[in-house]
Amino acid sequence: MTDSSKVIVCDNGTGFVKCGFARSNFPASIFPSMVGRPILRSEEKFDNVEIKDIMVGDEASKLRSMLQITYPLDNGIVRNWEDAEHVWNYTFFEKLKVDPKDCKILLTEPPMNPLANREKMVQVMFEKYGFKAAYIAIQAVLTLYAQGLLTGVVVDSGDGVTHIVPVYEGFSLPHLTRRLNVAGRDVTRYLIKLLLLRGYVFNRTADFETVRQIKEKFCYVGYDLELEKRLALETTTLVEKYTLPDGRVIPIGAERFEAPECMFNPALVDQESVGVGELVFDCINKADIDTRAEFYNHIVLSGGSTMYPGLPSRLEKEIKRLYFERVAKGNKVSMQKFKCRIEDPPRRKHMVFLGGAVLAEIMKDKTAFWMNKSEYEEQGPRVLRKCF
């Protein structure tokens with residue numbers, strides 16, 4: 001085992017776990033962050049897969065129609081530690097096939113994560129798995145590393161939570177960080193609701209995965225909502241057909257752009273917040289005046305929920321509109337000097353992991369950066385000061 005392969009990088013998302021080793025260009029394994037327990041133990045095997053009392057990740061996803069599915073993470077925070085440990089067991093022993101006692105681990109976490117959550121995570125890594133050393137990195141900072149930047153604003157939207165995080169010279173700025181509890185899972189739920197209004201009922205946990213696939217295949221963000229609504233109403237150009245697992249074919253029309261709209265208008269999913277465009281504008285506008293130009297120039301998208309076609313151009317349009325109304329106060333001359341650039345790297349779905357793999361490779365021999373096991377045994381949770 002080389003030194004790099006002894007450093008595990010694990011990005012635990014609300015929807016998916018991306019795990020692998022330092023220096024790799026792609027996660028060694030990506031699987032759903034879900035735990036399933038059989039509803040009925042009527043048979044031992046199904047579709048050549050053994051039905052076990054606890055099923056995790058890909059195997060749970062495969063048999064999801066027969067299982068009671070739970071997600072250990074919600075809004076980026078671990079809510080169920082027992083299930084989280086099942087997910088980590090699956091990660092280390094089934095997927096990566098490593099002995100944690102020989103390895104170091106780099107974990108990721110969302111900004112504004114509760115301290116208790118972070119302390120418990122370190123405790124589990126050292127006491128249950130016996131890792132030699134651990135490091136916890138903030139996801140947004142890793143995204144910028146992967147993009148080759150030290151300063152910028154990261155719009156990180158995964159399955160459970162969306163964060164807008166300004167990072168200056170490699171340090172995230174917590175006082176300017178904005179959090180929006182609308183992300184991929186909410187878009188899927190909203191799409192279920194829109195399809196329900198059309199008479200298609202999806203209510204089991206298995207159906208949730210089906211609708212998620214519909215969302216990933218067909219949804220996009222509309223640049224001009226009025227135009228999209230007219231197109232949906234007066235023509236059939238937006239209609240796409242999707243074949244459900246039971247063979248039924250359903251048409252998807254206006255729902256394609258209506259579902260992701262909840263990210264720009266959270267009131268649609270009963271969240272009291274402004275949309276993602278206004279949050280980015282607000283966060284940059286409250287930053288020091290001499291950093292704003294650089295922030296506007298480096299708005300980096302990250303996470304699976306930024307993959308919708310049309311999202312980068314709509315975000316740019318929203319930011320420019322708000323700048324024109326609130327900063328330029330309608331002055332078209334000052335708008336000519338305003339530069340706003342949205343960076344949408346093609347591999348942004350895995351940006352956090354890629355940044356983690358880069359950082360872990362740089363740090364692997366530098367003991368000063370890591371929290372090691374002996375320090376943890378001596379100091380307890382206070383050892384976290386090394387990371388933050």
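Including glycine, each Cβ sits where the backbone N, Cα and C put it.
Residues annotated as ATP binding site in Swiss-Prot, with similarity to another entry given as evidence: GLY158, ASP159, GLY160, ARG212, GLN213, ILE214, LYS215, GLU216, GLY303, GLY304, SER305, THR306, MET307, TYR308.
For the binding-site residues shown (GLY158, GLY160, GLY303), fewest C-beta neighbours within 10 angstroms: GLY160. Listed in sequence order, the residues of the same chain lying 6 or more apart from MET307 (ATP binding site) and placing their CB within less than 8 Å of its CB are GLU216, ARG348, LYS349. LYS215 (ATP binding site) has a Cβ environment of 22 other Cβ atoms inside 10 Å. Long-range C-beta contacts of GLN213 (ATP binding site), restricted to its own chain and to partners at least six residues apart, with a cutoff below 8 Å, are absent. In this structure the residues listed as binding ATP are GLY158, ASP159, GLY160, ARG212, GLN213, ILE214, LYS215, GLU216, GLY303, GLY304, SER305, THR306, MET307, TYR308; their two most distant Cα atoms lie 18 Å apart.
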